[in-house]
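Student: Below is one structure. I have some questions about it.
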Amino acid sequence: MSPAMSPAGSQRWLAAGRASPRLVLVVVFVALLLDNILLTVVVPIVPTFLYATEYEGANSSASPALPEPTPAAPRAPPFSSLLSYFDNTTVPVRGFTSATEPPNRTGSSPPGHPPRAPPAPARSCLEGGEFLAQENTRVGLLFASKALVQLLVNPWVGLLTNRIGYHIPMFLGFIIMFLSTVMFAFSGTYTLLFIARALQGIGSSFSSVAGLGLLASVYPDDSERGSAMGIALGGLALGVLIGAPFGSIMYEFVGKASPFLVLAFLALLDGALQLCILQPARISPESTRATPVSTLLRDPYILVAAGALCFSNMGVAMLEPTLPIWMLQTMCSPQWQLGMAFLPASISYLVGTNLFGILANRMGRWLCSMIGMAVVGISLLCVPLATNIYGLIGPNAGLGFAIGMVDSSMMPIMGYLVDLRHTSAYGTVYAIADVAFCVGFAIGPSTGGAIVRALGFPWLMVVVGALNVAYAPLCWLLRSPPAAQEKMAILSQECPMQPKSYTSKEAPREFPLTEESDGEAENVE
């Protein structure tokens, strides 16, 4: 056996790996990836699952009374193949006004001529318009439950990370997410799905707040931190990219539980990775006293950055519950297209976060965010103009790319603002950033369904698109935020602040985890 493969060599390799911030980035990347796959995998599944179990289930119990007037058997074959895209349940065909019409009515077809097949597949949308209108609101509330719970839990997670460090909350997030995924797989009612979604909000709060705070602590250099945040948000984007298409295809061809069981297995691998890299039994509190949440919430620059995160993500949050149902009503889309419609937004978000994680620092993060919010608004205004799934490619791609610009710029700005104006403890400020996400994903789905029911889907896009365009100029305030001089002594007690690194030299880093690194830090001086 080679020395590298011996137990002592493996331990040295693991210890050296723990000393690398890149492995921390890998752990955070995987955690955000799985969390956001679970976030979006339910988007195409829930509306069709509720329609199949509740509306069609209720109608199937009353259906024996409908087939009574069927003496004209020869007329059945031409229409027996007209099936819905949902569990092969027959739907009424346009042109037949009532189920009580005489069954031998031939219309305009000659007796000896085979009846013309009606253009039903292009127009045979789902029946039950009132049910679908109510489902907009119910599905929106179910999707918003995750963000609402996360909104309530985030401040407490931020305080917890300041006391015990980031490793234990990260591992707690994995455990809760695993339980939520298994519950999704075996939930058969709206109530159980609602509980599973709310439970996911608790796990997401632990994973996202602790993960982003951990990255900010191990990458003190501002440019390196921006690149690391862009890569980590790439995990978020990849999860959004995979989730909706993966969910729609697996639900269509395998079954409802299949995508969630695959995610549960991947979550177990993530837990094993965290055990090896983070050692979650270790308590490592922040070296500096964190700025109170109330103080950060009074900082106008932090509020502007949080508002940009909130409003830019509110657009896609409103699309998640309403776009699939709008496609069912107007485009008569098959089930697999409901998830594929989000694919352009996911791909472009992945490109945008990785590209502007580097470029935003060069062109100015405030400018990148301002342009991104304007493009978000314009893209949302173009969504209702689509008449089929191909017409959604351009608006959704522009939406995803622009949100990637905003996210990859604002997440590093949040850490920069705390370094510049407060103390370098990141759990609380990234709790605020995550709260901003959650407000968007809570208000969006919960109010989007109600607005669609009152005004219609096109007006919903007009409202949220105009809101983003109107907010964009406020990003100019982040061009050159002033430092809070009275707090600079807390930030740097013995040495002046460096132009690119905003933590003092004496402040111990969360990583490396090895004991040898302490000696290396002393030798740097």
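FYI, residue positions are counted from 1 along the chain as it appears here.
Cβ coordinates come from backbone N, Cα and C, glycine included.
From a predicted model like this one, the values you see are computed outputs, not experimental measurements.
Sharing the record's features from TrEMBL:
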TRANSMEM  21-46  transmembrane segment
DOMAIN    24-483  domain 'Major facilitator superfamily (MFS) profile'
COMPBIAS  96-106  compositional bias 'Polar residues'
REGION    96-122  region 'Disordered'
COMPBIAS  111-121  compositional bias 'Pro residues'
TRANSMEM  171-196  transmembrane segment
TRANSMEM  202-219  transmembrane segment
TRANSMEM  231-251  transmembrane segment
TRANSMEM  257-278  transmembrane segment
TRANSMEM  299-319  transmembrane segment
TRANSMEM  339-359  transmembrane segment
TRANSMEM  371-393  transmembrane segment
TRANSMEM  399-418  transmembrane segment
TRANSMEM  425-444  transmembrane segment
TRANSMEM  456-478  transmembrane segment
REGION    499-525  region 'Disordered'
COMPBIAS  513-525  compositional bias 'Acidic residues'
Student: Are the transmembrane segment (171-196) and the transmembrane segment (371-393) close, by which I mean at least 3 Cβ pairs under 8 Å that are 6+ residues apart in sequence?
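Tutor: Answer no, regions not in contact.
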Student: Quick check: do the transmembrane segment (299-319) and the transmembrane segment (202-219) share at least 3 Cβ pairs under 8 Å, counting only pairs 6+ apart in sequence?
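Tutor: Counting Cβ pairs under 8 Å, fewer than 3, so no.
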Student: Give me the stretch from 202-219, 371-393, 425-444, 456-478 with the greatest number of Cβ pairs under 8 Å to the transmembrane segment (399-418).
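Tutor: Comparing 202-219, 371-393, 425-444, 456-478 against the transmembrane segment (399-418), the winner is 371-393.
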Student: Go through 21-46, 257-278, 456-478 and flag the stretch with the largest number of C-beta pairs under 8 Å relative to the transmembrane segment (202-219).
Tutor: 21-46
Student: Find the member of 21-46, 231-251, 339-359, 425-444, 456-478 that has more C-beta pairs under 8 Å to the transmembrane segment (371-393) than any other listed stretch.
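Tutor: Most contacts with the transmembrane segment (371-393): 456-478.
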Student: With a Cβ cut-off under 8 Å, give me the same-chain residues at least six positions beyond the ends of the transmembrane segment (21-46) that come close to it.
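Tutor: The answer is 139, 142-143, 146, 170, 173-174, 177, 180-181, 184, 193, 197, 200, 203-204, 207-208, 211-212, 214-215, 218-219, 228, 231-240, 242-244, 246-248, 251, 256, 259-260, 263, 266-267, 270, 273-274, 277-278, 320-321, 324, 335, 338-339, 342, 346, 511.
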Student: Short question: which residues 6 or more past the ends of the transmembrane segment (339-359) have a Cβ under 8 Å from it?
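Tutor: Contacts with the transmembrane segment (339-359): 40, 43-44, 226-231, 233-234, 236-238, 240-249, 316, 319-320, 323-324, 327, 333, 368, 372, 389, 392-394, 396-405, 407-409.
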Student: May I ask for the residues of the chain that lie six or more residues beyond the transmembrane segment (257-278) and have a Cβ under 8 Å from a Cβ within it?
Tutor: 14, 17-18, 23-24, 26-27, 30-31, 34, 37-38, 41, 45, 166-167, 170-171, 174-175, 177-178, 181-182, 184-186, 246-247, 250-251
Student: Tell me, what is the mean pLDDT of the domain 'Major facilitator superfamily (MFS) profile' (24-483)?
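Tutor: Overall, the domain 'Major facilitator superfamily (MFS) profile' (24-483) comes to a mean pLDDT of 78.
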